[in-house]
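Copied over from Swiss-Prot, here are the features:
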type     : residues                                               : note
ACT_SITE : CYS88                                                  : active site, nucleophile
ACT_SITE : HIS184                                                 : active site
ACT_SITE : GLU186                                                 : active site
BINDING  : SER239, GLY240, GLY241, VAL242, ASP243, SER244, THR245 : ATP binding site
BINDING  : ARG312, ASP481, LYS536, GLU542                         : XMP binding site
DOMAIN   : 211-419                                                : domain 'GMPS ATP-PPase'
Amino acid sequence: MATEEIHSLYDTILILDFGSQYSHLITRRCRELNVYCEMLPCTQKISDLSWKPKGVILSGSPYSVYAPDAPHVDPEVFTLGVPILGICYGLQEIARVHGGTVDAHTHREYGYAKIEVVKTGKKEQDALFEGIEMEADGGLQVWMSHGDQLTSLPPNFVTIASTPTSPYTAVAHESKPIYGVQFHPEVSHSPKGKEVIAAFVKNVCSVRDGWSMESFIPKEIARIRQICGEKGQVIGAVSGGVDSTVAAKLMHEAIGDRFHAIMVDNGVLRKDEAKKVHKMLTVDLGVNLTVVDASELFLARLKGVEDPERKRKIIGNTFIEVFEAEAAKLEAAAEKELAEKGGEAKGKIEWLLQGTLYPDVIESISFKGPSATIKTHHNVGGLLEDMKLKLIEPLRELFKDEVRALGRLLNIPEHLVGRHPFPGPGLAIRILGEVTREQIAILQHADDIYIEEVRAAGLYDQISQAFVALLPVKAVGVAGDARTYDQVVAVRAVSTEDFMTADWFVFPPQVLKRISSRITNEVKGVNRVVYDITSKPPGTVEWL
């Protein structure tokens with residue numbers, strides 16, 4: 001049987017991103033409805049797609065549709081013959097293509113608004129709001145975020161919702177399944193928004209809602225076995241984080257001991273991390289694991305380096321070098337076994353496992369237009385450039401919460417599935433300044449105390465990510481009767497659904513007091529603790 005691609009396994013909704021801060025939420029809402037969807041940049045040429053979507057959603061955008069540099073969709077999308085939903089800018093783009101008028105409006109709408117649904121009496125035109133219960137006053141609360149709006153309907157379109165200041169809040173084509181809404185149904189501030197999206201993807205597009213982690217496991221295991229064959233071997237880097245652990249366990253379930261995990265100790269891991277990961281993967285999960293201690297090499301190359309991008313490149317390049325050397329040993333052993341045992345031996349090592357997630361893919365997309373690469377992700381690209389291996393990424397289509405759900409279904413213990421994310425470059429990007437053994441030891445100790453206190457307070461599972469950053473500043477303090485001049489650490493904790501946006505976590509004051517007291521008393525060289533209360537955006541989760 002030929003390898004089945006995901007689009008042949010699941011009906012797919014195509015989301016075309018025009019750079020909206022909410023675009024990823026459209027994807028999340030579809031996934032929550034057990035509908036598979038994929039987001040691509042708005043510049044995507046439809047003729048280049050190897051698959052046909054069941055429907056298309058056009059996202060919002062910070063641009064004005066009539067601006068000279070405004071992004072525009074490939075007109076071929078309207079010849080696919082599938083349902084289309086435009087959200088905010090997407091509505092305006094539909095109007096532009098079909099001959100409507102969009103202008104800057106004197107009364108901009110930002111925040112909550114109440115829309116009135118207009119029934120046309122025709123099933124296809126009314127489908128977007130069909131079955132949605134209105135509020136007591138007959139309206140529907142939604143979230144607006146637009147300065148431009150549709151001022152004249154395109155030919156053959158009708159109004160299906162309005163507000164006092166926006167007469168064309170939602171529109172539908174008279175005879176084709178093309179819809180547009182000026183509000184944002186994907187955000188939580190539109191209470192019935194998910195139902196609007198459900199009406200489009202399920203009722204209008206008739207998508208089969210087969211996307212779930214329960215259905216994903218057997219299909220992905222079958223796909224892996226088909227790719228690797230009966231004897232093909234796979235190597236993969238693991239860190240002890242959720243992504244690589246779940247990927248390793250899934251691979252082990254598919255091909256057993258033909259999967260070889262490699263952990264590279266780069267010297268900037270969490271306290272005792274290498275020992276903990278070795279036990280976790282080998283004893284608890286039964287995965288073949290080799291741990292390579294390359295800390296001396298990494299730290300030597302990081303000496304004197306302060307720039308975060310240089311740190312990333314040094315760690316990334318050194319990791320590749322060390323990983324390739326260890327992989328070569330495993331490949332040589334496989335070749336030797338093949339020569340000695342012939343047909344009874346396992347096959348060659350042909351594949352490289354990576355735990356890439358869908359947010360990595362989204363944030364790594366770079367194109368001319370409203371979206372741009374936010375930062376280089378260590379999971380995307382780089383490792384295969386010098387290796388004669390083919391890439392296998394079983395988690396590439398998944399969000400973090402889906403990966404955790406997958407891990408639970410694979411019977412990975414909760415304390416492993418629930419671990420907070422840890423960056424590929426490790427503590428090097430949590431040390432603002434030069435990375436030295438002394439700085440690493442300080443940060444490891446402070447971070448260990450912080451996480452211990454968060455767990456003790458019963459808050460760990462309520463927080464999406466928590467860590468300590470070591471700042472490149474010193475502050476005056478008092479210890480006993482003596483003046484101190486020591487370093488400052490920042491503690492960070494965020495809550496998020498998918499790490500595309502995040503809010504800072506509100507700790508009880510007594511917990512923060514305990515954290516600060518323990519760190520300043522127990523960590524030599526630190527006399528001040530600050531708490532980071534920055535959301536994403538405008539900040540990122542990590543400091544560097």
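Cβ coordinates are placed from backbone N, Cα and C, and glycine is handled just like the others.
Mapped onto this structure are the features recorded in Swiss-Prot.
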residue	record	contacts (Cβ under 8 Å, 6+ apart)
CYS88	active site, nucleophile	SER20, SER59, GLY60, SER61, SER145, HIS146, VAL181, GLN182, PHE183, HIS184
GLY240	ATP binding site	MET263, GLU273, LYS276, VAL277, MET280, LEU281, ARG419, PHE422
GLY241	ATP binding site	GLY355, ARG419, PRO421, PHE422
SER244	ATP binding site	GLY236, ALA237, VAL238, GLY355
THR245	ATP binding site	VAL238, MET280, LEU281, LEU285, GLY407, ILE412, LEU416, ARG419
ASP481	XMP binding site	none
LYS536	XMP binding site	VAL494, THR496, THR501, ALA502
GLU542	XMP binding site	PRO423, ILE429, ARG430
Can you tell me how many other Cβ atoms are located within 10 Å of the Cβ belonging to GLU186 (active site)? 28
Among HIS184, ARG312, the most crowded of the recorded positions [Cβ within 10 Å]: HIS184
Going by DSSP, is ARG312 (XMP binding site) sitting in a helix, a strand, or coil? helix
Diameter of the XMP binding set by C-alpha atoms, the set being ARG312, ASP481, LYS536, GLU542, in angstrom: 42
DSSP, reduced to three states, assigns GLY241 (ATP binding site) to coil
LYS536 (XMP binding site) in three-state DSSP notation: strand
How does the model score the domain 'GMPS ATP-PPase' (211-419) in terms of mean pLDDT? 86
